[in-house]
Amino acid sequence: QMRPSDTLPVGPDLCLRMGDTEPGMKPTTLLVIFATIQFITYLDRGIISTYLGDIQDDYHLSSLQTGTLAGAYMVGYMAASPIFAHLATKYHPLFLIALGLSVWSLAVVCTGFSIEFGTILLARTLTGVGEASFACLAPPLIDARAPPPKKSLWMSIFYINIPVGYAFGYLVAGQWESSGTVSGSFAWRIPFIFTGAHTLLTLDRLFDPWHYFFKRCKKQRILYLFLHRHCPHPAHSLPVLQVERSVVLLREQGSSSKSGCEGDRHSGLHYV
């Protein structure tokens with residue numbers, strides 16, 4: 001016997017279908033934002049690579065410690081990737097991306113304010129944790145929103161920012177250091193503080209729709225659970241939008257037959 005779970009999308013698939021039908025963030029806007037974030041995350045990697053010598057001198061690090069610092073983000077990245085992949089089955093990807101980028105921004109700022117090897121190592125590890133949410137969830141979102149003839153083009157625009165961002169990181173850090181605007185041990189900290197703080201302050205503005213999408217996703221999940229419990233017959237495995245439209249009609253007209261369920265089984269609709 002077929003159940004609603006066999007035809008109704010759940011987890012991120014439900015959120016993506018629902019998000020595509022709502023007037024909110026345009027697909028091209030999403031691509032621009034994600035490409036920009038990809039650029040900024042790799043800009044940070046270029047900056048840290050440029051200043052490793054200065055950090056080594058300030059904190060009197062060994063070659064082993066310096067090399068560990070350069071690759072510390074991979075530890076957080078590998079640990080957090082499966083966690084965000086699992087959470088994507090319960091929460092909307094935009095919510096998780098915003099959460100991860102908040103962690104990333106704070107970690108980059110803390111890199112600039114670090115006081116010794118332990119604190120900067122922790123900060124660089126947390127940048128990998130924050131980046132994992134974006135690297136795991138952004139490509140599927142772009143693929144889902146891109147027009148079919150332009151999927152490859154959109155993905156190439158997204159991924160081209162990896163080498164471009166890395167190269168600009170070297171360029172920005174080198175130009176800042178050669179300018180001599182700030183001298184001493186504080187000079188290498190400024191780019192990290194500025195990059196992290198700027199990203200954190202603009203994060204909510206960029207992801208303004210994710211508040212709405214998260215609430216909608218929660219509403220649809222409750223609706224799915226209601227259908228799964230009260231409408232086990234395959235005839236009730238309706239498309240998401242049709243089901244939601246039936247719920248609205250039931251509320252407005254008091255009908256007990258629009259969704260195909262028995263009238264005494266609509267008591268759970270007040271939870272939607």
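Glycine is treated like the rest: Cβ placed from N, Cα and C.
Caution: TrEMBL annotation is automatic and unverified by curators.
Positions annotated as transmembrane segment by TrEMBL: 28-48 (among others).
Taken from TrEMBL, the feature domain 'Major facilitator superfamily (MFS) profile' applies to 30-272.
Remote same-chain partners of the transmembrane segment (68-87), defined as residues 6 or more beyond its termini with a Cβ less than 8 Å from a stretch Cβ, comprise 45, 48-49, 52, 55, 61, 96, 100, 117, 120-121, 124-133, 135-137. What TrEMBL records for 68-87 (among others) is transmembrane segment.
Sequence-distant neighbours of the transmembrane segment (94-115) (same chain, 6+ residues past either end, Cβ-Cβ under 8 Å): 19, 37, 41, 44, 48, 80, 84, 87-88, 122-127, 129-134, 137-138, 141, 189-193, 195-197, 199-200, 203-204, 207, 209-210, 213-214, 217. Summarising the annotation, TrEMBL assigns transmembrane segment to 94-115 (among others).
Feature annotation from TrEMBL assigns transmembrane segment to 121-141 (among others).
The transmembrane segment annotation in TrEMBL covers 153-174 (among others).
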